């Protein structure tokens with residue numbers, strides 16, 4: 001189960017993770033998240049195809065219902081007929097109400113998923129900021145150190161050339177400065193060696209996909225909403241052609257709803273497989289792509305007492321070298337500067353460099369510490385596996401309700417349409433318990449005469 | 001305007017911040033967030049009272065409408081009467097639909113506000129975790145250093161008592177160890193001096209209030225929803241007593257809606273005043289309550305290149321002391337241990353202490369760096385001023401829509417009720433364009449005979 005400090009897989013992740021994963025040969029496959037493996041892809045496609053099965057069942061039901069309604073209409077007795085007529089409009093209204101509830105849930109789910117994915121991209125951008133800050137800080141510091149070695153330390157060596165003990169001190173300082181630069185360069189190269197490590201590109205990619213996903217769902221939700229409203233309108237105003245159009249559109253949205261449900265089911269199960277043990281997958285993938293040392297990855301992914309900071313040795317060495325530089329400079333200032341006043345400026349410059357490097361060093365220690373990057377990692381996981389997952393489940397519910405209501409609508413609308421036709425033939429044959437009952441012009445005469 | 005890196009006041013914050021603030025004497029007061037000042041409190045109460053004015057206007061409108069409806073009912077001509085009858089049910093239905101839309105917006109706003117406040121408490125708990133980690137790390141390290149000074153360094157001094165140069169080295173080491181302990185204690189005391197700094201208690205308090213706020217809104221939303229459903233039911237089934245009950249309940253919910261709108265308006269403007277310049281207020285309040293050094297607060301609130309780390313001097317001193325300890329131990333190991341093999345164990349223990357302290361030191365540098373705490377601060381601001389503010393504005397819209405729709409309902413329901421009474425007297429006097437038209441039993445006979 002879950003591993004990271006601060007992130008625990010939720011119970012719905014656990015339940016979805018337990019869903020049996022079978023390939024196309026109906027063999028159970030491993031439920032570890034492995035989207036690159038064909039057997040795992042098959043398992044997800046298999047789950048998605050369940051929605052296809054539901055679609056097939058609903059289509060069969062619709063066919064059976066409509067055939068029964070066409071062929072057996074005349075055989076029913078009066079009482080059941082009156083019941084059915086009552087039923088038709090109410091089932092349309094119930095379908096519309098269920099669909100509206102589904103749309104509300106869908107809007108919420110879409111917003112939640114968007115929040116979750118936004119959290120992921122935000123965390124990735126944060127991690128990217130940390131990594132580029134490390135790189136920038138190291139390159140700035142190394143540049144500063146190199147410039148000091150090239151100019152001021154060389155000048156100091158020339159100034160002190162007559163006194164061997166001071167030259168030795170300067171050479172020691174130069175060695176220490178070079179050692180610090182070397183350590184820092186090595187620390188930076190840990191992150192950037194071999195391949196590119198670019199959370200920012202990943203964030204942009206995720207953002208790009210999410211933008212289209214969000215838009216697609218918004219369009220689907222608006223389509224559903226418009227169909228609901230126009231269905232109500234067509235029933236209320238008894239506009240035949242609108243009922244026919246709505247029936248056809250409802251049928252296509254029915255296909256779309258089952259399709260999106262399949263997609264969401266596969267996504268939810270895939271996400272639950274990822275979320276139940278994200279560390280192993282993230283570790284493997286990051287290492288495979290970026291070729292970073294596994295110790296470093298482990299340090300940032302776990303970030304607990306058991307894993308030592310892989311940079312600690314190098315940081316300690318740099319820290320000691322900086323202390324030694326300080327001692328050397330202190331000695332030079334006390335002993336050499338009174339004898340060589342021209343050296344004072346250079347010593348002050350080197351001291352300034354030391355101060356800046358010490359400040360940068362503290363900042364680098366903070367950036368390299370696992371807390372920041374680990375928090376980004378945990379926040380991303382929480383965004384994806386809490387908000388994102390929750391959103392997907394709400395969208396799944398929306399698709400299901402939408403599919404149910406459009407099945408009901410496709411069944412009911414042709415019957416409603418038939419009733420309109422009957423009414424055109426005979427005004428007396430009308431349904432008084434219909435909640436959408438105009439015929440105003442005819443009745444007003446009667447009503448006005450009675451008052 | 002906004003100051004913090006990563007947080008910018010949004011445009012709606014800016015607009016709300018520009019709302020004129022006047023006290024009870026109609027004098028303009030400063031729009032800086034100062035909830036403890038009576039003039040500022042007056043300005044917020046004044047804004048809240050606008051909702052009271054709206055309530056008064058809506059009550060007057062309802063009264064005028066109902067009086068006109070009671071007194072002038074007989075004077076209208078047939079055509080306008082038929083129009084009005086048609087109007088009554090449709091205005092009830094429109095009110096219910098607007099109310100339902102408002103409820104949807106309200107649920108979303110409540111959820112957004114909750115998300116924002118959750119973000120605030122999460123960030124506060126994170127900050128608390130960082131502060132307690134600093135405290136724990138310092139106390140652990142100081143304890144470790146003290147124990148080493150008390151036991152191993154004392155034993156080493158006894159072992160080397162015959163050799164002055166080694167004793168001097170040991171005493172130097174002891175001094176450096178004590179210096180490190182001293183620096184660390186001072187760093188820790190910066191945070192905890194004088195008063196208690198307890199983000200956790202604040203988080204719990206905020207959470208406690210938010211739980212009740214959330215629950216109150218959920219209950220209000222559910223109440224609105226139930227009233228909508230029962231109003232529809234009462235109209236559809238023409239249940240007189242239910243219409244009367246719904247009219248009375250709608251009236252009370254109308255009062256509640258305007259009340260909550262006043263509260264939300266004051267909250268939104270107060271929040272916008274806070275969010276337009278949070279740094280100054282947070283800085284003043286934190287300093288007043290906790291008595292923390294302003295430099296430290298400035299460092300964490302700004303966290304940019306211009307503000308130097310206030311702990312840098314102390315950290316550098318500790319770092320140099322640790323390097324000196326390392327040199328001393330290295331010297332002892334090389335020179336003294338071969339002559340005094342019994343000292344080896346103690347030297348190893350002290351070296352172990354040095355390693356642990358260096359590790360802790362790196363961790364402490366990371367914890368003290370402004371990045372972590374500043375990120376918590378910015379996240380809390382974003383939660384409060386983006387999500388929280390947005391949520392409050394949606395709730396404001398919900399209250400407004402709810403108040404509007406209940407005003408319409410209170411106007412329309414008594415008329416609908418009157419129509420039911422008329423129908424009881426004369427079945428012919430009925431409204432055929434009413435979307436809720438039962439009378440099934442009577443009409444079924446007619447309908448069945450016609451088919």
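In case you wondered, yes, glycine gets a Cβ from its N, Cα and C as well.
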State whether, in Swiss-Prot, residue B:238 is on the same side of the membrane as residue B:34.
-> no
Candidate ranges B:2-22, B:23-43, B:44-64; Swiss-Prot annotation transmembrane segment resolves to B:44-64
Residue B:303 (disulfide bond): secondary structure state under DSSP, collapsed to three categories | coil
With residue B:163 (site 'Essential for the formation of the channel-pore') as the reference Cα, tell me which of the recorded positions B:128, B:275, B:303, B:370 is the closest one.
-> B:370
What does DSSP give as the helix, strand and coil breakdown of the topological domain 'Cytoplasmic' (B:236-240)?
-> 3 helix, 0 strand, 2 coil
C-alpha of residue B:303 (disulfide bond) to C-alpha of residue B:284 (N-linked glycosylation site): distance in Å?
-> 17
Hey, how far is residue B:275 (disulfide bond) from residue B:355 (N-linked glycosylation site), Cα to Cα, in Å?
-> 45
Same chain, 6+ residues apart, C-beta under 8 Å of the C-beta of residue B:284 (N-linked glycosylation site), given in sequence order | none
Using a 10 Å cut-off, grab the number of neighbouring Cβ atoms around the Cβ of residue B:275 (disulfide bond), all chains included.
-> 26
Listed glycosylation sites (B:128, B:355), ranked by Cβ neighbours within 10 Å, top entry | B:128
Residue B:128 (N-linked glycosylation site) and residue B:370 (disulfide bond), Cα-Cα, nearest whole angstrom = 14
Positions whose Cβ lies under 8 angstroms from the topological domain 'Extracellular' (B:1-43), at least six residues beyond its ends = 268-281, 301-304, 374-375, 377-378, 381-382, 385-386, 389-390, 393
Calculate the distance in Å between the alpha carbons (Cα) of residue B:385 (disulfide bond) and residue B:128 (N-linked glycosylation site), and round it to a whole number.
-> 21
